[in-house]
Amino acid sequence: MSLDSRRYHITTYGCQMNKADSERMAGVLENMGYQWSENPDDANLILCNTCTIRDNAEHKVYSYLGRQAKRKHAQPDLTLVVAGCVAQQEGDALLRRVPELDLVMGPQHANRLQDLLEQVASGQQVLATEPIHIVEDITKPRRDSAVTAWVNVIYGCNERCTYCVVPNVRGVEQSRTPEAIRAEMVQLGEQGFKEVTLLGQNIDAYGRDLPGTTSEGRHQHTLTDLLYFVHDVPGIERIRFATSHPRYFTERLIQACYELPKVCEHFHIPFQSGDNDVLKAMSRGYTHEKYRRIIDNIRAIMPDASISADAIVGFPGETEEQFMNTMQLVEDIEFDLLNTAAYSPRPGTPAALWDNQLSEEVKADRLQRLNRLVGVCAELRSQRYANRIEEVLVEDQNPKDPTQVMGRTRGNRLTFFPGNIEQLRGEIIAVKVTEVRSFSLTGEPLSSVATAVR
């Protein structure tokens, strides 16, 4: 196959970590001479980056792989790669189920893609799921945006939530050094990127595995310290971080977010349940009272902070009263965004083996009731934006209206307004909000904002 004819397509399922991994693997492929194909049918290398967090995500993966496997029978030179969490969890079983696959690789092996594909080229069917130490990757990722970028700061997770498969498939926590993270951000600033989201499955655990302690006896490297360390990177106007764990969310972190003007007032802190007994069964390590205190402390010094979260309903043994405690917490806090899901038993997790599973009907009913409440609360919470002036970082053209551009406020609210994307991409614009919806805004531009200021 000539270099000119090598084309690839990546389909990504799941979380922000997967999206960041896909960008890195795309960078590896382009470094090898592959060119991106928007249409998977025109590609001769298909990479499916998978998610196993819930059962329905896994079904989507197998449906997609089934279509590509049929295609390989008609196109033998097609290279089929499965990466990510399904690959890590299923391993050999995935190769048996879809024998047309050339490479199955877990998320810890994303940086090894070139070496693994060279093994495939020698005629091998390759399985790479063994735990390894993740080395720094100097390959330039192929970023999906020209304005915003993901930067991994910690891989893996050491928590053992009884419903969650992530520690099994992403391995133990491995923090990058502050110097490596800053170097990547400096490069992004030089390339014209304006916003960085620092990523970790449990980002508040950043630095626990790095050496060193302070005179106060705490870890020398924490997320709070990292924010101070990277805050002055030239060119980067905004910094976000995700995903937080209430168990490790500190007052010191809240104060840093308040003091550092580039850090956006946007916090994604999953609570999962509003009932203490359910939280204990989940092994989450905090109470709903602690969670409420975290939100109260954030809003005490940042009243307009945007709070998003995740919640699970129908956990094994959850009673109607316990579910109503979740409903009460949602009503009390009024989240800006709440990702909801019915509990889905995952292989290899303790909760999947318990005999107090709830029926699908009960789970579906509770999810529907919660979603109705979420919609009402989001609409009420959104009203605070009416007639306000918001700083919007312009990212792209509105795909539904070419006369408009779209971007996000500091609170991560999607916002549309009239403008020319070629002139405004990457600019921070002051926008007067004229229309409020539950999860987005429309407005009129007022002026450019030179720097991100509170």
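Positions of Cβ are set from backbone N, Cα and C atoms, glycine also.
Database features (Swiss-Prot):
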BINDING   C15, C51, C85  [4Fe-4S] cluster 1 binding site
BINDING   C157, C161, C164  [4Fe-4S] cluster 2 binding site
DOMAIN    6-122  domain 'MTTase N-terminal'
DOMAIN    143-384  domain 'Radical SAM core'
DOMAIN    383-447  domain 'TRAM'
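Mean predicted confidence for the domain 'MTTase N-terminal' (6-122): the pLDDT average there is 92.
Set side by side, the binding-site residues C85, C157, C161 differ in how many other CB atoms lie within 10 angstroms of their CB, and the most is found at C85. The Cβ of C51 ([4Fe-4S] cluster 1 binding site) has 20 neighbouring Cβ atoms from other residues within 10 Å, across all protein chains displayed. Ranking the binding-site residues C15, C164 by the number of CB atoms within 10 A of their own CB puts C164 at the top. If you take the Cα of C51 ([4Fe-4S] cluster 1 binding site) and the Cα of C157 ([4Fe-4S] cluster 2 binding site), they are about 16 angstrom apart, rounded to a whole number. Highlighted in sequence order, Y13, G14, M17, N18, T50, T52, I53, A57, G84, V166, V169 have their Cβ within 8 Å of the centre of the Cβ atoms of C15, C51, C85, the residues recorded for [4Fe-4S] cluster 1, and are not part of that set.
Taking CA atoms as the reference points, C161 ([4Fe-4S] cluster 2 binding site) and C15 ([4Fe-4S] cluster 1 binding site) are 17 Å apart.
On a Cα basis, C157 ([4Fe-4S] cluster 2 binding site) lies 14 Å away from C15 ([4Fe-4S] cluster 1 binding site). Across the domain 'MTTase N-terminal' (6-122), DSSP classifies residues as 66 helix, 23 strand, 28 coil.
Taken residue by residue, the domain 'TRAM' (383-447) breaks down under DSSP into 7 helix, 37 strand, 21 coil.
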